[in-house]
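Engineer: Mind looking over this structure? Questions follow.
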Amino acid sequence: MSIVDRSATELRKLLATGELTSIELTRACLERIERHDATIGAFLRVDAARALDQAAAIDRRRQAGEPLGPLAGLPVAVKDVLCDRDTITSCASRMLAEFRSPYDSTVVGKLKQADAVLIGRTNMDEFAMGGSTENSAFQPTRNPWDPTRTPGGSSGGSAAAVAARMAPLAIGTDTGGSIRQPAGLCGIVGMKPTYGRVSRFGLVAFASSLDQVGPFATTTEDAALLLEAISGHDPRDSTSINQPTPRYTESINKPLAGLKLGVVPEHFGAGLDPEVASSVRAAIEVYKSLGAEVKEVPLPHGKYGVAAYYVIAPSEASSNLARYDGVHFGFRADQSAALAELAAERQELIAAGKTAAADNVDAPLVRMYRSTREAGFGAEVKRRIMLGAYALSAGYYDAYYLKALKVRRLIRRDFDEAFQQVDLIVGPVTAGPAFKLGEMVDDPLAMYLVDLYTVSANLAGIPALSLPCGVTKAGLPIGLQLQAPPLAEERLLRGARMYEAATDWHTQRPSLGGAR
Amino acid sequence: MALTRADVEKVALLARLRLTEAELETMTDQLSQIVGYVDLLGEVDTADVEPMAHAVEVTNVFAADVVEPSLTREAALANAPRHNGRGYLVPAVLGE
């Protein structure tokens, strides 16, 4: 077994006993990236020198017997949406291609404090908007199980990096499924914590009431390890929850006695791939064999989740992304060209006798904003900004935005009622396995509907997790989703671990063309 | 509900975006399709339902009123496309 095939929990023990150094481990990951990332495209930037420096420093401190953090010497890949001081945070957008953050996000700061090795920055859909990572302004990412297919998104780079064993751990963000969906499509574990469990300070905002940072790993134990390191109250994020972080790593191997599991009949409707359906049903049988009681629970408003989400998320996005104006930071379109074009437009209108229209052309500052945003944003980001601006505009606010917020409460109430009866809800994470690259790029609505099973957890703010539960005949992984009440991450992880301990789907890995 | 081209042009100005002719056409179609789907929300009875703006409904989170270190001017200007060392530079707003 190669070192990169080991779980972070195993690696941590090997590092602690001195059987392995962080330099050796970091080199092994860098070699893996070197060999496979030209095909996979998981990383936007890898700073090998910095990673090796960090690893060497941790090895030295370990030799000297100094106390070390919980992730000491473990390489962690970070989605390119969390600020890391003095380095580029691009959000896979031309708008921020050169942006160097003047401060650390709380999550990156916690990773540094935990003595993790920050091995590289992973690809994503631009500003985390998308479900295939094809909306990156820089490169597509390919699924390690089949390079003609998507790894999912928006955290596709982080998921692919862990699935291809380029890093044992990675950080993603989940606004409507952006951790759980790629985890499912790449055959790994991915978790969205309760909204507020992990600080959003220094996370570049997409939809502030939905965004949440979370871990990717190859096992539930590793996800617990990473979650424990990044969680906690942060006075710099006023929506962060002021509750102590439980020791997930200490409880994860304790099975849940008398587990009551909820199954949502609506999750097995038309559109669910038969292979996914049978794997999820088989997983439910595994739980029954472990003593779980399975109960049907309705989530009657679940079918409105995608509609509510695609009003709320774009509305918040249109407001959050107003900051990209070409003034304070980031890209600005060629100003003299934009102003010359504006002057020419005006002249043309005057020459044609259209003086009223000539008076109505953009003011120079407005034109600068518009040219900058025209050239700086990709198609999907523009689409969502437009959708949000429309939903919030005069005359439509009540019909769309306010209506969606009311439906959001009903979705939350459904969960509250369901969790009175059951401890966890189990079901599919996606309707089908990884789709082909390019398959949905011209059909945004079809792409939005991919989020069917995942958006409700974001709207309700509850924690949810995806873990491997099968492989299709064509060799593509299938994910199982578990959802829990607010702040019940401990229960969620223990419940997931019960299934993992009884099955071996998490040990399956992509062959990457046979080259290991 | 279908959006017209004029709606899309108006929203593009509100959103400070510019769309090419071709983009304007695709955007009109795509937004109409998406808004058409979102109209599904209309069938939900939401009478007497309070809107839920946030997953964690905490209110009145205050920070202590203490001066803390913040970015230097140099750091704040470092990422600006145009600046003069003191402030951000933009095209003339009040004319030449």
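Count begins at 1; order follows the chain as displayed.
Cβ atoms are placed via backbone N, Cα and C, with glycine included.
Straight from TrEMBL, here's the annotation block:
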type	residues	note
DOMAIN	A:24-493	domain 'Amidase'
ACT_SITE	A:LYS79	active site, charge relay system
ACT_SITE	A:SER154	active site, charge relay system
ACT_SITE	A:SER178	active site, acyl-ester intermediate
Engineer: Using a Cβ-Cβ cut-off under 8 angstroms and a sequence gap of six or more, which residues of the chain neighbour A:SER178 (active site, acyl-ester intermediate)?
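Structural biologist: Listed in sequence order, they are A:ASP125, A:ALA128, A:GLY131, A:GLY153, A:SER154, A:SER155, A:GLY172.
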Engineer: If you skip the near sequence neighbours and keep only those at least six away, which residues in the chain come within under 8 angstroms of A:LYS79 (active site, charge relay system), Cβ to Cβ?
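Structural biologist: For A:LYS79 (active site, charge relay system), the qualifying residues are A:ARG121, A:THR122, A:MET124, A:ALA128, A:SER155, A:GLY157, A:SER158, A:ALA170, A:ILE171, A:GLY172, A:THR173.
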Engineer: Given the model, what does the mean pLDDT over the domain 'Amidase' (A:24-493) come out as?
Structural biologist: 96
